[in-house]
Amino acid sequence: MANHPLIAPSILSADFARLADEVAAVQGPPGSGADWLHVDVMDAHFVPNLTLGLPVVQSLQKSADLPLDCHLMIENPDRWAIGYAESGAYNVTVHVEAADDPVKLARDLRAAGSKAGLAIKPNTPLEPYVDVLKSYDTLLVMSVEPGFGGQKFIADVLDKVRKARTMVDTGHLNLVVEIDGGINADTIEQAAEAGVDCFVAGSAVYAADDPGRAVEGLRSQVQSASSRSRS
Ligand code: DX5
Ligand code: ZN
């Protein structure tokens, strides 16, 4: 596990008519609050849902003080992902199931100034992509079928997290291991114990009365799970 666990609230569960306020609600003073802001881009083709695209990300880029973690659930990321990197996103994640040439795409994203992230759906195995992952900075393990917030956590994907963690800890890969889907107070500790570095949480943060406190609650659960697994 990374020394500093990262918490990335997903604005998919926020009120889209009040986005700036919703971002401010999870942004703390330095050293607290959310680490990244997770932005789910869906195109109604790769997934059966439509959310937001480049113009909204560009506006968020101007108004939010958090690094943007753009998760592109879109077809043809080889063509469209670059715009998100050029807009200043901190990390741009594409789905391996949608990318034609993921190694070239990672190179293009990095050349445009962002980190490169690779996402895998719950039923996509990790092994075939280990070489490809050498070109990437983050691995997003989906723990629900992509498309919607508020779904139930699929614990089976933690095997992939454990494998990725081992490859990172043994120096075979150099990646932030991120998990996305169904992360809440009931599931985050098992994800932490499996070796996740970055925890995306949508409904667990934005359905809470106080999203900022929800972020801190998740973070303290990760910290206690990691001190347990170290002892
Ligand atoms: C789902 C999205 C997730 C979603 C997670 O396709 O990628 O980022 O916002 O929402 P929760 O945390 O509610 O499962
Ligand atoms: Zn996501």
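All residue numbers here begin at 1 and follow the chain in the order shown.
Using N, Cα and C of the backbone, Cβ positions are placed for all residues, glycine too.
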Among His4, His71, TrEMBL assigns to the divalent metal cation site of His38, Asp40, Asp180 just His71
Per TrEMBL, His71, Gly147, Phe148, Gly149, Gly150, Asp180, Gly181, Gly182, Gly202, Ser203 bind substrate; matching candidate in Ser10, Ser32: Ser10
Other than His38, Asp40, His71, Asp180, the chain contributes near divalent metal cation (Cβ within 8 Å of their centroid) the residues Ala8, Ser10, Leu12, Val39, Asp69, Cys70, Thr93, Leu140, Val200, Gly202
Candidate binding-site residues Ser10, Gly182, Ser203, pick with smallest Cα gap to His38 (divalent metal cation binding site): Ser10
For the recorded substrate site formed by Ser10, His71, Gly147, Phe148, Gly149, Gly150, Asp180, Gly181, Gly182, Gly202, Ser203, name the remaining residues of the chain with Cβ within 8 Å of the site's Cβ center, in chain order. Leu12, Ser13, Asp40, Val144, Gln151, Val200
